[in-house]
Amino acid sequence: MKKGVSFLVTVALMALASSLASAFDPSPLQDTCVAIDDPKAAVFVNGKFCKNPNLTVAEDFFFQGLNIPGNTENPLGFNVTTVNVDQIPGLNTLGISLVRIDYAPYGENPPHTHPRGTEIITVLEGTLYVGFVTSNPENRLISKVLNKGDVYVFPIGLIHFQFNVGHTNAVAIAALSSQNPGVITIANAVFGSNPPINPDFLAKAFQLDKKVVEYLQAHF
């Protein structure tokens, strides 16, 4: 390969890498960028308007109540208390967020993904069966039973889950590598989309009877 062509290929690869990196939270170029809704005299960064740094206060970086158990009285028996940029405006541009997850006995956080963040979870109470599935074509399940004090990582974008296999309530704290990692619950997205996905298509995609698909769509 000629030097000129090699140089152009290198530049193209660097540009591609740069464009891919832009999908993640960019590194902040200032100490704070507290998110506000008022666009007057503000700078727009990461989807939020930034407060004047001279006007920031302690409350911009504070959240209270993560010690309070979430309500798990629902069909899945779990609750997520989210602490992201919407709860702590000071998280804007800092690339991190937090959740508390409560599980009733045999409660579960169903298969889901975070399109913009890796998750690291710590069990505070109880016993959880957790795992994630690698991408195509392997689709390999990597799972483990966690006890109090154990830590596990779910790589960015991969489908993962948690299931309380104990007889008592369980609690976990998880940190995510984005101020707003997003969440896509697989069953809700596929069978509960608005408007619904054509059931004939889903029946073929999942190798199910159309009536089964319509039953699932009615429940999501």
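Note: Cβ is positioned from N, Cα and C throughout, glycine not excepted.
Taken from TrEMBL, the feature signal peptide applies to 1-23. As annotated by TrEMBL, disulfide bond applies to C33-C50. The domain 'Cupin type-1' feature in TrEMBL is assigned to 64-214. TrEMBL lists N109, H114, E119 with the feature oxalate binding site. According to TrEMBL, the Mn(2+) binding site annotation covers H112, H114, E119, H160.
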Local Cβ density at C50 (disulfide bond) - other Cβ atoms counted within 10 Å: 20
H114 (oxalate binding site): nearby recorded positions from C33, C50, H160, Cα cut-off 10 Å: H160
N109 (oxalate binding site): nearby recorded positions from C33, C50, H160, Cα cut-off 10 Å: H160
Tertiary neighbours of H112 (Mn(2+) binding site) (same chain, Cβ under 8 Å, six or more apart): I159, H160, F161, V183, I184, T185, I186
Averaged pLDDT score, the domain 'Cupin type-1' (64-214): 97
